[in-house]
Amino acid sequence: MTANLAIAVSKFVAAFFTGSSSMLAEGIHSVADSGNQVLLLIGGKRAARASTKEHPFGYGRERYFYAFVVAVVLFTIGAAFSIYEGIHKLSAPEPVEAPIWAFAVLIFAIIAEGFSFRTAIKESNQVRGKQSWVSFVRRSKSPELPVILLEDLGALLGLIFALFGVTMAVITGRGEWDGVGTLMIGVLLAVIAVVLAMETKSLLVGEGATPEMEAQIRSALEGSPEVARVIHMRTLHLGPEELLVAAKIAVEYNDTAAEVAKGIDEAERRIREAVPIARVIYLEPDLDRLRSSTSTS
């Protein structure tokens, strides 16, 4: 975050000396990124609070809420401002003065953001597995990594767009190119903001476990001695590392209450062993009517 603020200050200084709208847009972009990092930290801290009577399942989904706020901030502050500045620059173009300031800051920032993006890729690869990048962003239940990954990608592309706009403005002597670069930055930020908003909205509404996790849970249930079969099952993420599991399970007609209770305890143990993030488990026993009717006939 400190590095982001330092880069933002350098961009604003370059914008002051050059009059470049691309540099100004990039400065606002860096400020928005810094604010977003603060929001993610706040979300992580608030999500760690213990459950209360009012919120019996805890506050884990606050991480999703603050990730959604990140998307809103990126769109309103970053994208809207950049698009406005780009349109303004196109309607009243001015030449880029002292471009050496812009080139120096942009090249330095591209190198710094390149290292940051590489770090984000390495961290994401540790949890991405065999998923494609698109699938990772769409299916990740932890919002921080996809947010940081997309922000770093946006920061790097934004700098390249700014460098393109300033370079073309200097080569051609036409300030409109600076406005074009600014518009490109604005559209880029808008696209990233919309993608983040859509994905975090889905998490806020409530997403179930991945198909792989559901298969593990079902296998754990069906492997329990007292469980004849799984009638139906539902899962819901209460947070990135907290999963609710609710299932209706069939038990034998001749099982005693003690045997059913013991079987449920064993099934819960198996589920937690297979999927450690399954923190809240509700199992409803029912008579295995299907097997009973089959045996009767």
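Using the three backbone atoms N, Cα and C, a Cβ is placed for every residue, glycine included.
Whatever TrEMBL says is automated annotation, not expert-curated.
Quantities reported herein were computed from a predicted structural model and do not represent experimental measurements.
Record features (TrEMBL):
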- 3-205: domain 'Cation efflux protein transmembrane' (DOMAIN)
- 211-281: domain 'Cation efflux protein cytoplasmic' (DOMAIN)
- 1-25: signal peptide (SIGNAL)
- 64-84: transmembrane segment (TRANSMEM)
- 100-121: transmembrane segment (TRANSMEM)
- 148-171: transmembrane segment (TRANSMEM)
- 177-198: transmembrane segment (TRANSMEM)
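Sequence-distant contacts of the transmembrane segment (100-121) (same chain, at least 6 residues past either end, Cβ-Cβ under 8 Å): 3, 7, 10-11, 13-14, 17-18, 20, 22-23, 26, 145, 148-149, 152-153, 155-156, 159-160, 162-163, 166.
Taking Cβ pairs closer than 8 Å, the transmembrane segment (148-171) reaches residues 18, 20, 22-23, 25-26, 29-30, 33, 36, 40, 74, 95-96, 99, 102-103, 106-107, 109-110, 113-114, 116-117, 120-121, 124, 137, 177-182, 184-185, 188-189, 192, 195-196 in its own chain, all 6 or more past its ends.
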